[in-house]
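Here's what TrEMBL has on this protein:
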- H209, E290: Fe(2+) binding site (BINDING)
- 339-363: region 'Disordered' (REGION)
Amino acid sequence: MRFQPEPPFTHGQAPRIGVVWANLGTPDAPTPAALRRYLGEFLSDPRVVEIPALVWKVILHGIILRVRPAKSAAKYASVWTPDGSPLAVWTTRQAKLLQGYLGERGHSVTVLPAMRYGQPSIASALDALRAQGADKILVLPAYPQYSGATTASTFDAVSSWVQKVRRVPALRLVAEYHDHPAYIEALAASVRAHWKVEGPSRMLVMSFHGMPERTLHLGDPYHCQCHKTARLLAEALELSKDQYRVTFQSRFGKAKWLEPSTEPTLKALPAQGHERVDVICPGFVADCLETLEEIQMEGKEAFLQAGGKQFHYIPCLNADHAGISALVQIATEQLAGWPTTQAPNDADGKASAARARDMGAAR
Ligand SMILES: C=CC1=C(C)c2cc3[nH]c(cc4nc(cc5[nH]c(cc1n2)c(C)c5CCC(=O)O)C(CCC(=O)O)=C4C)c(C)c3C=C
Ligand SMILES: [Fe+2]
Ligand SMILES: [Fe+2]
């Protein structure tokens, strides 16, 4: 069958509005086998690695998937929690909180977490929302800054699902929110809260996930959006230019990536007179391998070994009240015009009355 069967429909069923809170995905265990599955899917996405397919297939299967899974599994094991991978734990919790906060503000919507790679897949979240009767769905990626590798790839997954569905719901895709005042203020509040306990820092490093530099020249707005987020955050914190740095982490492969790189920057700071550094990762809304292992563990070690004395990692927004409130504000603006404030019973009553009338007229 070309199009999958529609979920059962009962006349009078209240239409629902759904939100998909979409993140990258993470392995389901910190083991080489799970990493091979995860990296195999992730790194086969042409949005992530933009080199000719055949050449990449040979490198990926011949080298990378033989070597990297064991190394990455050991890194994941160092941050794994009793409830699973931090990225999965936070993303699930954030979806629940988002639905709860939206409900408290009178918006009756179902929010489901989804992962671009692994489970729960974007298609399964969209199927689940359709099964609940959702005829309007907002897709909110967990990426404030747009990039082809992340945001566009999420939209690709939505579009593949659309091509298999008979009754396609109304869809809205949120492309970016890198300069949204509520998101900037949530980040600023998290830094201020940290400084209230630890005292202010003379150097704040804002570390974003890297991308191949070529994507910048090809017109990907990611680099520009990271810099705008950083500038707005610095302004909110009243930092002068010499009190913060914008860096890029998680380099992959041999191509040139965006500069400056986080680790060399951290290593250079002590010689420039900085005994203390505070690091925040504003592009990640949830702590994950890249923030916990690469920054909080490896970054700290690099800074201390280079002569630094105090390394402070400022966690991602995670389940932070201001962070979730910012996401609620972003979602609410994007849901504008959709009847989210209609009480389900009310909607149910109106829908069944209207349908009964339609059916009567049709007979
Ligand atoms: C060519 C490779 C990669 C590109 C391009 C890339 C872009 C990119 N990634 C994120 C966010 C995350 N990446 C994470 C892990 C991760 N990223 C890559 C490679 C590329 N990322 C790899 C191989 C991995 C897996 C870990 C490893 O083996 O090193 C994660 C963490 C996932 C987790 O499970 O915790 C996130 C989040 C962004 C935002 C981005 C482009 C802007
Ligand atoms: Fe990545
Ligand atoms: Fe990494």
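Even glycines carry a Cβ here, placed using N, Cα and C.
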Long-range Cβ environment of H209 (Fe(2+) binding site), under 8 Å and at least 6 residues apart
F248, Q249, S250, C281, G283, F284, E290
Under DSSP, is H209 (Fe(2+) binding site) helix, strand or coil?
strand
State the count of C-beta atoms found within 10 angstroms of the C-beta of E290 (Fe(2+) binding site), not counting that atom itself.
20
